[in-house]
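**Student:** I have a structure I would like to understand better, so I am pasting it below and will then ask my questions one at a time.
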Amino acid sequence: MLPSISLLLAAALGTSAHYTFPKVWANSGTTADWQYVRRADNWQNNGFVDNVNSQQIRCFQSTHSPAQSTLSVAAGTTITYGAAPSVYHPGPMQFYLARVPDGQDINSWTGEGAVWFKIYHEQPTFGSQLTWSSNGKSSFPVKIPSCIKSGSYLLRAEHIGLHVAQSSGAAQFYISCAQLSITGGGSTEPGANYKVSFPGAYKASDPGILININYPVPTSYKNPGPSVFTC
């Protein structure tokens, strides 16, 4: 039996409503998909992670695979992470960094352990509904802290779709990790209170993950994960 037109349309809309984070660039230049970003498992289907205890919650990779290249950026500068086609769902954009230990190769390092510190999270605008500035956008500037040590880092981009998050396990995580070489840094190492592991940073019951954003409309929002590290 041939599938109905309505089923085909639903499938097409479902795919188009999802997205990836395949590129990162500095200055005004653009880069190829997955050039500096580790190719995520959703590179073909634009899917999402819904299990916060899965290994995919780290960089959306079931099997480790490095990026083609590592992007060199100066500490204190702003770079841009790109979505494809664009963020479609309401929810926060968040960014984490993890420094590759001295003596290890960024291409083989997986980012395991309590090494991730948050450098940005998005708060909504409150009113008759929650409004997220990331919704509908395809590029996201993120500033590299000026005080952190120079070295090799993974930059983890994460958008959490909260449109159906009133049920446990229904929040949608869109994730990828870029490879950076940060130069001209300072001497600061974020403290243990800022660092988390993936998996381990989130619980499915966290108030910023298990939440009904539609009714009653929340008057506050607590981002999942640690506090944002600042210099």
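For all residues, glycine too, the Cβ spot is worked out from N, Cα and C.
Quick paste of what Swiss-Prot says about this protein:
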BINDING   H18, D50, H89, Y174  Cu(2+) binding site
BINDING   D50, H163, Q172  O2 binding site
DISULFID  C59-C177  disulfide bond
DISULFID  C147-C231  disulfide bond
SIGNAL    1-17  signal peptide
**Student:** Can you tell me the CA-to-CA distance separating C147 (disulfide bond) and Y174 (Cu(2+) binding site), as a whole number of Å?
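**Tutor:** Given the Cα positions, C147 (disulfide bond) is 28 Å from Y174 (Cu(2+) binding site).
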**Student:** Rounded to an integer, what is the Cα-Cα distance in Å between C177 (disulfide bond) and D50 (Cu(2+) binding site)?
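**Tutor:** Their Cα atoms are separated by 17 Å.
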**Student:** Give me the Cα-Cα distance between H18 (Cu(2+) binding site) and C59 (disulfide bond), rounded to a whole Å.
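**Tutor:** C59 (disulfide bond) has its Cα 17 Å from the Cα of H18 (Cu(2+) binding site).
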**Student:** I'm trying to understand the geometry here, so how far is the Cα atom of D50 (Cu(2+) binding site) from the Cα atom of C231 (disulfide bond), in Å to the nearest whole number?
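**Tutor:** Here the two Cα atoms lie 32 Å apart.
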**Student:** Among the recorded positions C59, H89, C231, which ones place their C-alpha within 10 angstroms of the C-alpha of Q172 (O2 binding site)?
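**Tutor:** Of everything listed, what lies within 10 Å of Q172 (O2 binding site) (Cα to Cα) is H89.
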**Student:** Using Y174 (Cu(2+) binding site) as the reference point, find which of the recorded positions C59, H163, C231 has the shortest Cα-to-Cα distance to it.
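**Tutor:** For Y174 (Cu(2+) binding site), the closest Cα among C59, H163, C231 is found at C59.
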